[in-house]
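Only one structure is covered here, and it is reproduced in the block below.
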């Protein structure tokens, strides 16, 4: 049943860079997120929430979330709950359902008392404020003066080899033929939650009001131009991002920046490739200032430990970081670098290949 | 000598008849896999899971085992037996199921919460026996499903993972939980209103299987305790699979044969 085994291998650029698409898929939507630009402002999170999850049993869901790494993430300790595939990518590995508390509950604040009843107490959550999304925000790891952290925005990876799709005994989840977006057929779903526990990224959510599971839809009505203005738009999380850290397009579009960054230059890497779901969200790994001595001098040592980055992004992160380092040096020497141009453009037309969606 | 032989032959014939007819009645008051259908009771009383009419309807203990479906933890099920009774009026067929479950799971409001549930499965085409696991493509089943949220559904299925809600059904359910037991009664009009609905008549037995889910054990989907095919004894006359009578006749013949061989052996030893 492994889709990677019978997946199609494309070589759009004709230069030996192979793009693997899931079987029966015409194109594959993809994102590249540059972690060096993320400021943790959660504008993407709120853009997504106001569009899709602001009510109807979705209050606790963040189809897009931004978590601090190192950290427990959202839902809490999702990386330890299993799911995905075994090392060969053939057998699914079992996962566990998270406790509701791990997602965090909406907090009740003492608005009534403070605003209307003259209480002198500070405005604060009344109870149950023991955990929530971003409860460990900015904590990170390491010791002063060499503590470190970075932000990790996460959406559904719309994987090429999705274990959520395989987990559903009713085939309620599927990859859309035209662009590989993973969707839950709400008419087929009976709320068994095998997809919720089967996704190692915990990006499928159970709606207790509707009794079905729901997830990121890559804003497909926006890329289809189905909004009020009839125009094609990038997903909300990308378009509303203040530092514009996301690139949007097809993985197999050889003219697009995603194909170049992922397949040609290999500077964008997958989160937890060892889960073997073959995610289609890629990350430019984070750089940080070098370590400092007690007296504040820069040392020749990386602040974010390589082994931690390897833990997150697999061994390919090393070559990605080295390549970016090399390309930066070229720019410093006054030479041209396509990689750095792609990563530093401020033209959204270069970042979003919306024409491919038309 | 001839008289002795005659008596012996008579005894042997009697033994044969006794083994083939009387013994089965002694060892099993009811043919295996039969769910008797009580006739002529008051419909209003049958509608309630604890209605008085159910005191008159005989119930059968149906053993359950894990369905062995292709889902995680498929073999981790907790309910081992369900008592099944059935009754009919001129219009409706009733099936009541009752099983021990100390945890009354009636909420699915948390990610990790699942509700208790029960289902009855009958062939859509009542004269064919479909595959036990949710029927087959050419041989679908009707499933009457109830869960602890007090929602019930009439489903059509043609194999695992294919259940589809049937609309405009007239399935009624009523459930109670007391003394650590669930009691759930399903009822449906005898007539099948369309091609995909099982039609019940007074002339034909109809196969039936049941499944139970324990919500607090996170049982759902194919993680369920299921029975083998039983049958609702709607047709006339004494029932029982034909092979049962055949087996008992063979047993009787075997007794007669061994007796004769023994007698012959004894006679030869004595040199008669």
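Residue 1 is the first one shown; counting continues down the chain.
Cβ coordinates are placed from backbone N, Cα and C, and glycine is handled just like the others.
Marked as compositional bias 'Basic and acidic residues' by TrEMBL: A:91-104. With a cut-off of 8 Å between Cβ atoms, the residues of this chain six or more beyond the compositional bias 'Basic and acidic residues' (A:91-104) that come close are 60-61, 74-78, 81-85, 130-133, 135, 163, 166-167, 193, 196-200, 202.
Assigned with DSSP, the residues of the domain '4Fe-4S ferredoxin-type' (A:29-58) fall into helix, strand and coil as follows: 10 helix, 6 strand, 14 coil. For A:29-58 (among others), the entry in TrEMBL reads domain '4Fe-4S ferredoxin-type'.
Summarising the annotation, TrEMBL assigns domain '4Fe-4S ferredoxin-type' to A:147-178 (among others). Residues 1-4, 7, 20-22, 24-31, 33, 35, 38-40, 44, 48, 63-71, 73-74, 83-85, 89, 92, 138-141, 184-185, 188-190, 192, 194-195, 197-201, 203-204, 213, 215-216, 218, 220, 235, 237, 245-246, 270-271, 275-281, 283, 286, 288, 303-304, 312 of the same chain sit 6 or more residues outside the domain '4Fe-4S ferredoxin-type' (A:147-178) yet have a Cβ under 8 Å from a Cβ within it.
In the predicted structure, the domain '4Fe-4S ferredoxin-type' (A:180-209) carries a mean pLDDT of 98. For A:180-209 (among others), the entry in TrEMBL reads domain '4Fe-4S ferredoxin-type'.
Feature annotation from TrEMBL assigns region 'Disordered' to A:73-104.
Mapped onto DSSP classes, the domain '4Fe-4S ferredoxin-type' (A:147-178) shows 5 helix, 9 strand, 18 coil.
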